[in-house]
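Engineer: This is the structure I want to talk about, given as structure tokens.
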Amino acid sequence: MKMVKICSPATSANLGPGYDVFGLALNNPYDTITVSIVEEKGGNETLSNEKITISMEGEKCEEIPTAVDENTAGVVAKKMMEDFNIDKNIQIHIEKGIKPGSGLGSSSASCAGVAVAINELFGLELPKLELVKYASLGEAVAAGAPHADNVAPAIYGGFTMVVNQDPLEIIHIPVEFEVLVALPNIQISTKEARELVPKEIPIKDMVNNVGKACGMIYSLHDNNVELFGKYMMQDAVVEPCRATLIDNYSEVKEKVKDLVYGITISGSGPAIISLPKKECVLEVKKIFKETWDCPIYYTTLGAGAYVVKEEE
């Protein structure tokens, strides 16, 4: 059976003032996506009414639909196979290491992973920008509209900026630093969280966010994590609207203010991403644990989705 297995990373989007633009890929947690061409022992393709079948295991997999048109990865695979006239039966198996609804790009990891897998399995040789375009289509299932702020880092790795939506333009910057992520056991719907974001904002808030976002980009010139974190905490638009969705978030920010370079909500939450001072990692972990009693990840930034196994 011809197959390819992909490791696809968790991602953190927005990062304060970079709403729907900035994203980071993390080394941990991650999803594993296996895509196989289904054949009988004799080598003939298995006859089926469904060209694509999906199976799941892992984090909250029972809550994720496996119908192709309702599954983020299924939507991506179907569109790619239609566009490139791929007349094969495939099996998609997703091992969820990223909790759905976490604010860590769970759906994006599946979308990106299957896009990379289809590209590899059928030798399409698509550039990363095209893979992001396809992967972002799956995000419409999870968020109500296609958006690329999570799938871009899930494919490129490191730090990405979605500088234009149509036509899609992405800037990728390789960066190296460690983040500490807390995942409170709180349910937040991506769609509901997006609805909290104001449709119009005061010009002073726009000026603030543009300035702080520019400062963050400048800080990456020499990997200045202290400056990056400082500006990451100064979003005047989105974080204030969403902070109330996460119990004790404001109190935790106050407790760790001298222990981290920066802290903010990851994506639509509930995950919290922080940039701890190296000597303060254990203390910040303790505060997170005592407050939320939740999973905590201390991780470097990661590569984009990549092949871990391939069989002809």
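From the backbone N, Cα and C atoms, a Cβ is placed for every residue, glycine too.
Copied straight from Swiss-Prot:
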BINDING   K99, P100, G101, S102, G103, L104, G105, S106, S107, S108, A109  ATP binding site
Engineer: When you average the Cβ positions of K99, P100, G101, S102, G103, L104, G105, S106, S107, S108, A109 for the ATP site, which other residues in that chain have a Cβ within 8 Å of that mean position?
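Structural biologist: Going along the sequence, the neighbours appear as A10, I98, G267.
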Engineer: Output, ordered by sequence, the same-chain residues six or more apart from G103 (ATP binding site) with a CB under 8 Å from its CB, or 'none'.
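Structural biologist: Once residues fewer than 6 apart are set aside, G103 (ATP binding site) is near S12, L183, I188, I265, S266, G267, S268, G269, P270, A271.
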Engineer: What's the most sparsely packed of the binding-site residues G101, G105, counting other C-beta atoms within 10 A?
Structural biologist: G101
Engineer: Enter the number of other CB atoms within 10 angstroms of the CB of K99 (ATP binding site).
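Structural biologist: Excluding its own Cβ, the number within 10 Å is 19.
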Engineer: When you measure from the Cβ of A109 (ATP binding site), which residues in the chain that are at least 6 apart have a Cβ under 8 Å away?
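Structural biologist: Non-local contacts for A109 (ATP binding site): S8, P9, A10, T11, Y30, D31, I98, A154, A305.
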Engineer: What does DSSP assign G105 (ATP binding site), in three states?
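Structural biologist: Reduced to three states, the DSSP call for G105 (ATP binding site) is coil.
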Engineer: Three states by DSSP: which one describes K99 (ATP binding site)?
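Structural biologist: Note: K99 (ATP binding site) is coil by DSSP, not helix or strand.
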Engineer: Relative to the Cβ position of S107 (ATP binding site), how many further Cβ atoms are located within 10 Å?
Structural biologist: 25
